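Asks: The structure that follows is given in the form of structure tokens.
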Amino acid sequence: MAMAMAPAVVSGERLVVFLFVARVALAAPAQLAAPLAVLAAAALAVELAVDGSASASSSPLRRFRTRPGASSGILLGATTLPSVMLSRLIQLYRVLLADPNGREEYAYLEMQYWAVSVSCLGMLSFFVWHLRQSPSNGNSIASKYGLLLIILYPLAYLFHLLLKTDGGLLVMSNLVYLLCHGVAAVILIQHILEKFPSCSSFGEAILVSSGLVLYCGDMLAHTLSKMEFSVSSEAFIRAPGTRSEIGTVIQGVLLGLFLLPLLYKSSLQVLAYCRKLESQRTQTVEECTQKRIDCGVFYVSLLVALLLLVPSWTRLIQGFEVHPFVWVFNYIFTDSRERLALCAYWIFVIYVSIRRFYSISKQSKTERILLRKYYHLVAVLIFSPAVIFQPDFLDLAFGAAFAVFLILEMVRVWEIYPLGHIVHQFMSAFTDHRDSEILIVSHFSLLLGCALPKWMSSGFNDRPLTPFAGILSLGIGDTMASMIGYKYGVLRWSKTGSGETYFTPQLHKQLGKNSKLRVKPYAARSLKYGDLF
């Protein structure tokens, strides 16, 4: 029986995750490594339970439609961010041996490690709760082990916290802080799985939810620490007082864009209510006129977010006396020929690559999976010189590119005139059978994969290749894997292995031709703000 179960338990993805987590845990202190091991064991148990119930027609998780052809990936999604945060803690710990002044930043990063771990634990509890709603799945051994490990984790953290601190008020405030992260992560992942069907696997949803909650929690902590009425200095998590101006600008702009959907939706709801009152006396507004009004509301909401919310937050956090966009303009054009030369180089490479690859995609002479990987090589050409010569400016450029991607995706999804149709037509030229009909996230994955190692290595860094980790792995490693797999590979590590699925070239050609049907024509889509938020 054990031999029969072995192939189902051991897979290539789980083996790689185990080696990665084990390597991080062995280098970390025992009080931080043990919770990571418990979290990984709980994630493995939950993944086995979810995979075991995937074929059951009565499984409550079947109502969450995941990305076709992808494994659940729960173990990978639940352990990635905690392992990365623990790796950063190990790196900062080496600084404390020589410079004790970094203890404040170390303590804050340690709390972030616990926060993202609790977020992942909360989402694992979300899956276990749904599994146990079905009598056939609720009594499975994997489900029971997962529930036991989930209960064990907060007890281990409470024991660690009581040994480390003496203040009861600090303990309670930290517990509330972590509980808010867990609850927010559960709400967010349910929202993602319900509002964006077939856009992600369970593991990808866990990774996105935990990352967004951690990022928003960081902004909230820094905001509270700057307010006079905040008690963060005595009974709340203490955010480091020193922050780079570039980091503040990036977080401010992204904060405004994250709040943009809420602002846009609220404005449309108020507008719809006013129309309802007006329609009782006059005829309803024509559809064309209504669409123009909605587009106008979007652009007004975007201006409010970028021109009012962003400078207000950056002034509070960093004390900017000028608008952040003015600061960025001065930073680029003041005493820096290298930055201007780098901007000109980026514009040239992007223009040539987009013009060339778009024409190739329209002629359909190259398979789309290979065409998409050419952009990975373009990323190497764009980012490598900047990492070497202008690393700080590259941080700002990453943030600006991510903000532009967010705005363009909102314009495409909400069909905002006049750019909505143009952006949708351009992006559809590079989609394949793995992209959903709602969101196109491949460019986000490439950008964040290259940017996150660079962002996280800012400040102290005793590993010279760390900023290049994303560029090397995605730009070169992933590209070579796809090209070799496309040309030679038909072997998979497991039936439900995640990541790229390597088919024969003949099947790739067939999927490449049919992939155009995966994304609906622009006029056939009926995506409204209420369908997504």
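Placement of Cβ uses the backbone N, Cα and C atoms for every residue, glycine included.
The structure displayed is predicted, hence computed values, not measured ones.
Got these off TrEMBL a minute ago, pasting:
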{"type": "TRANSMEM", "residues": "74-93", "note": "transmembrane segment"}
{"type": "TRANSMEM", "residues": "113-131", "note": "transmembrane segment"}
{"type": "TRANSMEM", "residues": "143-163", "note": "transmembrane segment"}
{"type": "TRANSMEM", "residues": "175-193", "note": "transmembrane segment"}
{"type": "TRANSMEM", "residues": "249-274", "note": "transmembrane segment"}
{"type": "TRANSMEM", "residues": "295-316", "note": "transmembrane segment"}
{"type": "TRANSMEM", "residues": "336-354", "note": "transmembrane segment"}
{"type": "TRANSMEM", "residues": "374-390", "note": "transmembrane segment"}
{"type": "TRANSMEM", "residues": "396-417", "note": "transmembrane segment"}
{"type": "TRANSMEM", "residues": "438-456", "note": "transmembrane segment"}
{"type": "TRANSMEM", "residues": "468-486", "note": "transmembrane segment"}
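Give me the structural setting of these features: burial, nearby parts and distances.
Replies: Outside the transmembrane segment (113-131) by six or more residues, the chain places 32, 35-36, 39, 42-43, 46, 49-50, 53, 59-61, 74, 77-79, 81-82, 85-86, 89, 137-138, 140, 143, 146-147, 150, 153-154, 157, 177-179, 181-186, 189-190, 202, 206, 209-210, 213-214, 217 with a CB less than 8 A from a CB of the stretch.
Using a Cβ-Cβ cut-off under 8 Å and counting only residues 6 or more beyond its ends in the same chain, the transmembrane segment (175-193) has close neighbours at 64, 66, 111, 114-116, 118-123, 125-126, 157-158, 161, 199-200, 202, 205-206, 208-210, 212-214, 216-217, 236-237.
Cβ atoms under 8 Å from those of the transmembrane segment (396-417) belong to residues 246, 249-250, 253-254, 257, 260-261, 264, 291-292, 294-295, 298-299, 302, 328, 331, 346, 386, 423-424, 427, 438-440, 443-444, 447-448, 450-451, 454-455, 522, 525, 527-529, 532 of the same chain, restricted to positions at least 6 beyond its ends.
Long-range contacts of the transmembrane segment (438-456) within the same chain: residues 84, 88, 196-200, 372, 375-376, 379, 383, 387, 391, 394-395, 398, 401-402, 405, 409, 412-413, 427, 430-431, 466-471, 473-475, 519, 527, 532, each at least 6 residues beyond the stretch ends and with a Cβ under 8 Å from a Cβ of the stretch.
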Asks: Report the listed stretch (74-93, 249-274, 374-390, 468-486) having the maximum count of Cβ pairs within less than 8 Å of the transmembrane segment (336-354).
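Replies: It is 374-390 that shares the most Cβ pairs under 8 Å with the transmembrane segment (336-354).
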